[in-house]
Structures are given as C-alpha cells and as structure tokens.
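A.B. asks: One structure follows; several queries about it will come next.
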Amino acid sequence: SRPTVFIQRDYSSGTICKFQTKFPSELESRLDKQQFEETIQTLNNLYAEAEKLGGKSYLEGCLACLTAYTIFLCMETHYEKVLKKIARYIKDQNEKIYAPRGLLLTDPIERGLRVVEITIFEDRSIGSGR
Amino acid sequence: MITRKVRKWEKLPGKNTFCCDGRVMMARQKGVFYLTLFLIIGTCSLFFAFECPYLAVHLSPAIPVFAVLLFLFVMAMLLRTSFSDPGVLPRALPEEATFIEMEIEAANGNVPAGQRPPPRIRNVQINNQIVKLKYCYTCKIFRPPRASHCSICDNCVDRFDHHCPWVGNCVGKRNYRYFYLFTLSLSLLTIYIFTFDIVHVVMRSVDNGFLNTLKETPGTYPLLFLSDFLEYLSFTVLEVLVCFFTLWSVVGLTGFHTYLISLNQTTNEDIKGSWSGKNRVQNPYSHKNIVKNCCEVLCGPTYPSVLDRRGLMQEDSPVSAASAAPSSSSSNSSSSNPVPQTTKTTAPLIPNEHTPDDAKPSIAASAEKSPSPREEHHPPAPKVPPLASPETDAETSIAKDKTH
C-alpha cells in the first residue's frame with residue numbers, strides 16, 4: 001500500500017480537537033515545513049472555532065433545549081457548518097498545494113477526528129495528464 | 001464477484017444494533033429500555049386518563065397541559081439519549097494500526113527475548129497535569145483523554161460516562177446532556193404526578209364528605225373510606241407507588257450527575273477515583289468554576305458523530321464465501337467478509353480482557369478475519385511488527401494478577 005503519514009492529535013490543551021504541527025520527516029522531500037505548519041494551524045483554528053465556548057454556543061444550546069432539540073431536525077448546528085468549511089479548505093489545499101506534490105490530505109472526520117492522514121503517491125503529481 | 005452498495009453501519013464492528021437504516025443506534029440488550037418506556041408511558045397514561053379530567057375541572061386545565069408538555073419533553077430526551085451515537089470512536093484502519101505499532105516498536109527499542117515489553121501508555125501534559133493515555137487492543141488506538149472502552153457495546157466512547165441499561169445505550173460525550181435532562185425532567189414529572197395524586201386523593205376525600213362521615217359514624221368510617229377509596233382511587237395508588245420508588249432513584253441520580261457536572265467529571269472517572277486522593281492528579285478539565293463547568297457540559301457545542309453510519313460503501317462479495325465474523329453488528333449473515341484471507345496487513349482478532357467469554361472461542365476460530373471493514377483490497381505489507389496483546393504487555397499482566 002502507499003506510504004502514509006498520520007498526524008496525531010495534540011492533547012496538550014485538553015480534549016479540544018487539535019493536531020500536532022510537528023513536521024514529519026517522510027514529507028521532507030515533498031513539502032515545505034512552512035506550508036505544512038500553515039495547513040495544520042489553519043485546521044486547528046477552524047476546529048477551535050467549531051468548539052468555541054462562548055455567547056453564541058450557549059445561545060444555540062439553550063434555544064435547542066427549549067425546543068427539546070427538535071430544532072436540529074431542520075437547522076444545521078454551528079459545528080456542522082464549520083465542518084463543511086473545513087471540508088472546503090481541505091479540498092482547496094489538496095488542489096493547490098498537495099496534489100501538485102503527489103500528496104493527498106484526508107479529512108480527519110473520515111478518521112474519527114483522530115488523525116490527519118497524508119498519503120504519499122509514487123508519481124510526483126496526481127492527475128497530471130495520463 | 002458481486003459488487004453492491006451497502007450503508008456503512010452494516011459493516012461497523014462493535015455490538016450495537018441499528019434501526020431505520022442507520023439513523024438509530026442502540027446497545028444490543030434493550031429489555032430494560034422497554035421497561036423504562038412502559039413505566040413512563042404507563043404511569044402517565046393512567047394519570048391522564050383518571051386524574052386529569054377531575055383536576056382539570058376542579059382545579060385548573062393548566063395542570064394536564066403542563067403535564068403533557070413535561071411528558072413530551074421526557075420522552076424526547078429519553079429517545080434522544082437512547083437513539084443517538086454516544087460518541088463512538090471508530091476503530092483504526094489497518095494502515096493506522098500498523099503505523100501506531102511501528103511507533104510503539106520504535107519507542108520501546110529492542111526488548112530482550114523472554115521479557116515483557118513495557119505497557120502501551122502515552123503521557124500527555126494537559127493543564128500542567130500528566131495524563132496517561134492507554135492503548136485499546138480492540139480498537140487499535142491510543143484512547144483520547146476521557147475516552148473509555150465499553151465492553152457491552154465493544155466500542156471506545158469519547159468522554160465515556162457509563163453504560164446505562166435503562167436507556168439501552170452508552171452515555172458519552174454526544175448524549176450526556178440529553179441523559180442529564182432526561183433524569184432531571186423525569187424527576188420533575190415524577191414529583192409532579194406524585195403531588196397531584198396526593199392532591200387528588202385529598203380533594204376526593206373532602207368532596208365525598210369523608211370528614212363529615214368521620215364525625216357522624218366513627219365506627220364504620222374505615223370500611224366506607226376503603227370502599228370509596230378503591231372505587232375512585234385504585235389507579236392513583238398504583239401511580240403513587242411507581243412515583244415513590246422512581247423518586248428515590250431518579251432524583252438521587254439527578255443529584256449525583258449535577259454534582260459531577262459542577263466538577264466536570266464523568267461517572268467513569270468518579271468510580272475509578274481518577275481525580276481523588278492525595279497522590280492523584282487533579283482534574284485538568286475542570287474550569288474550577290461551577291457555572292463554567294455546567295455551561296460547558298450542558299450548553300457546549302453539539303459534537304457531530306464521527307461514525308458515518310449512513311454513508312455508502314462498495315462491498316465485493318465473492319459468490320461462495322464463509323459467513324461473517326462473530327463480533328460484527330447486526331448485519332445480515334448472508335453478507336460475507338469482503339477481505340481476502342491472504343492480506344497480511346489485517347490484524348487478527350486477539351481476545352483480551354474486554355472480550356466477553358462467549359465470543360472468545362469463535363474469535364480464535366476466525367483468526368484470519370479482519371476486525372474492521374475496508375473499501376479496497378491492499379497488497380500484503382512488506383513487514384508488520386508483531387501485534388502485541390495484553391498477555392505480552394507488562395502493565396495489564398500485573399493488573400490481571402492483582403485481581404486474582
């Protein structure tokens with residue numbers, strides 16, 4: 001199978017969803033450290049936005065409770081909205097940065113929010129005129 | 001080879017049952033859950049049928065209306081707790097499992113032959129406290145902090161609180177607040193019915209002039225009271241009994257969970273004594289502020305399910321194949337294991353301390369099967385480190401010896 005790198009969760013700030021920004025050695029030949037760190041940091045910021053405890057999340061929680069949570073049958077939760085944003089970001093990153101270098105980022109939601117999976121392809125770029 | 005599309009829930013490992021094409025997720029044993037439903041719906045039906053008409057006329061129609069709203073809220077919370085994904089962590093796919101194994105091997109270095117390898121523990125610093133992350137042999141992952149493996153459902157659950165047979169599901173990160181609101185609203189409903197049952201009894205007694213009868217014929221009073229009582233109030237007695245016993249347990253439980261929420265602790269942590277005791281770590285997740293803790297647990301973000309239950313996947317079923325692995329969920333026995341037996345990257349199922357005794361012989365028999373479904377076939381990996389089991393692990397062996 002293709003070599004894969006798994007970026008693990010960073011639990012130093014507690015149970016919030018955050019990934020380690022340590023640059024894996026397997027990617028050294030393919031990617032800039034800067035580029036990688038920026039991707040992971042942006043993902044971390046997006047997850048932090050999803051899980052933020054504040055006025056808005058409390059309001060959503062209380063309102064939902066008053067409707068016995070039936071409101072979620074028709075309305076999307078804040079977290080779900082941010083997950084869509086994350087999916088778009090990952091797609092965008094894959095197209096612009098990772099695919100040209102023969103790498104593929106997998107959305108962490110498909111791995112139970114446990115890891116960011118980066119698959120390394122043999123040929124240097126994916127989808128380059130076959 | 002027949003390729004068909006199946007929903008992912010049909011191929012999920014673990015011992016959950018799924019309904020409504022993956023929309024509903026529960027534990028396997030649902031008997032006690034049906035009892036809970038019966039008790040709540042039964043008692044409330046009696047209340048609405050026998051007490052409410054009288055109370056609506058003689059006191060206020062608001063009484064049954066409020067009771068109906070409260071009943072609906074209780075049912076909504078119960079069903080939400082029972083039917084939702086508690087926060088199950090999906091098992092590691094073979095590549096991830098292998099990657100973790102290799103990391104562990106690298107960290108342990110060379111273990112001399114005959115010596116047990118060190119326990120699989122990762123230390124993490126959270127809020128200036130060292131928290132140990134344990135490795136789950138069933139799910140092949142290092143459990144996130146506060147996660148625990150439920151042996152009844154055979155899943156790792158995030159922020160695992162406990163497995164509740166009354167709701168027929170685990171209580172974890174995603175459904176804890178619904179569980180708490182269920183116990184809270186059920187306490188209120190029980191107190192409400194109990195109170196109005198007493199009010200009903202008192203009002204009936206007064207209406208039927210029992211007090212006057214008492215003055216006039218003190219001798220026959222007990223008999224008269226009893227016959228009238230049975231005529232009007234037998235159902236009330238039944239309700240009062242149910243409410244009385246429910247009150248002690250449910251109100252107590254609500255109180256206990258209110259205490260846990262104010263400290264941002266789980267039942268699992270409380271039972272294990274994770275944060276109590278002098279030499280133990282202090283709870284690193286508590287905000288040290290009761291209001292903030294309550295807000296986080298009850299009004300925090302609504303976490304999405306990371307188990308894509310209703311997603312579609314391809315299943316290649318060879319025409320003549322053996323039946324499915326014993327520890328799979330309630331999939332049809334006609335659907336067979338899509339993974340060929342020669343693939344070396346699959347991890348054989350190793351019975352561990354979490355395996356129920358009845359599954360062990362069958363697991364040993366199907367040692368070649370993979371524990372988790374995969375969408376494509378992978379060629380054999382060049383080298384796979386020997387997969388450890390609790391028997392070869394130093395810490396769990398010591399723990400086992402202690403229990404004997």
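Using N, Cα and C of the backbone, Cβ positions are placed for all residues, glycine too.
Predicted automatically and left uncurated, TrEMBL annotations should be read as such.
Got these off TrEMBL a minute ago, pasting:
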- B:317-340: compositional bias 'Low complexity' (COMPBIAS)
- B:132-272: domain 'Palmitoyltransferase DHHC' (DOMAIN)
- B:314-404: region 'Disordered' (REGION)
- B:32-50: transmembrane segment (TRANSMEM)
- B:62-79: transmembrane segment (TRANSMEM)
- B:178-203: transmembrane segment (TRANSMEM)
- B:232-256: transmembrane segment (TRANSMEM)
A.B. asks: What is the number of residues in the domain 'Palmitoyltransferase DHHC' (B:132-272) that are helix, strand and coil, as DSSP sees it?
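C.D. replies: The domain 'Palmitoyltransferase DHHC' (B:132-272) comes out at 88 helix, 19 strand, 34 coil.
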A.B. asks: In the same chain, who gets a Cβ under 8 Å from the transmembrane segment (B:62-79) while lying at least 6 residues past its ends?
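C.D. replies: Cβ under 8 Å, 6 or more out: 36-37, 40-41, 44, 47-48, 52, 55-56, 167, 178-179, 181-182, 185-186, 188-189, 192-193, 196.
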A.B. asks: Need one number: mean pLDDT over the domain 'Palmitoyltransferase DHHC' (B:132-272).
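C.D. replies: It averages 86.
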